[in-house]
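Colleague: Starting off with a structure, shown below.
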């Protein structure tokens, strides 16, 4: 029983350490893409994400499973383009 509780607690803690979002480039903007997921998947995995894809409607890479220390784009704190 104790082992089961330990496993469940471990899974919950692992989930807390990951986030999803649009990674930012050096200028604070989303990483742009047009078509295909290979570029975004590579960019996201370089940031230690589990995967990434090109969200075509936003023309930007979206990463899943990013570490907490990676900054992601947020419309509320958008500094892209000197805003």
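Cβ atoms are placed via backbone N, Cα and C, with glycine included.
According to Swiss-Prot, the protein carries these features:
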DISULFID  29-80  disulfide bond
DISULFID  33-54  disulfide bond
DISULFID  40-61  disulfide bond
DISULFID  44-63  disulfide bond
DOMAIN    19-81  domain 'LCN-type CS-alpha/beta'
MOD_RES   81  glycine amide
SIGNAL    1-18  signal peptide
Colleague: Check the disulfide-bonded residues 29, 33, 63, 80 for other C-beta atoms within 10 angstroms of each C-beta and report the one with the most.
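Modeller: Ranked by Cβ atoms within 10 Å, first place goes to 63.
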Colleague: Could you say whether, by DSSP, residue 61 (disulfide bond) belongs to a helix, a strand or a coil region?
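Modeller: Reduced to three states, the DSSP call for residue 61 (disulfide bond) is strand.
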Colleague: Could you check which of the disulfide-bonded residues 29, 33, 40, 44, 63 is the closest Cα neighbour of the residue listed as 'glycine amide'?
Modeller: 29
Colleague: Of the disulfide-bonded residues 29, 33, 54, 61, 80, which sits closest to residue 44 (disulfide bond) by Cα distance?
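Modeller: That would be 61, the closest of 29, 33, 54, 61, 80 to residue 44 (disulfide bond).
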Colleague: A 10 Å Cβ contact count, applied to the recorded positions 40, 44, 54, 61, 81: which residue has the minimum?
Modeller: 81
Colleague: What is the interatomic distance between the Cα atoms of residue 40 (disulfide bond) and residue 54 (disulfide bond), given in whole Å?
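Modeller: About 6 Å separates the two Cα atoms.
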Colleague: To what whole number does the mean pLDDT across the domain 'LCN-type CS-alpha/beta' (19-81) round?
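Modeller: Across the residues of the domain 'LCN-type CS-alpha/beta' (19-81) the model's pLDDT averages 93 on the 0 to 100 scale.
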Colleague: Taking only the disulfide-bonded residues 29, 54, 80, which one has a CA atom nearest to the CA atom of residue 63 (disulfide bond)?
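Modeller: Of the disulfide-bonded residues 29, 54, 80, 54 has its Cα closest to that of residue 63 (disulfide bond).
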Colleague: Rounded to an integer, what is the Cα-Cα distance in Å between residue 54 (disulfide bond) and residue 29 (disulfide bond)?
Modeller: 15
Colleague: Rounded to the nearest angstrom, how far is the Cα of residue 33 (disulfide bond) from the Cα of residue 80 (disulfide bond)?
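Modeller: So the alpha carbons of residue 80 (disulfide bond) and residue 33 (disulfide bond) sit roughly 16 Å from each other.
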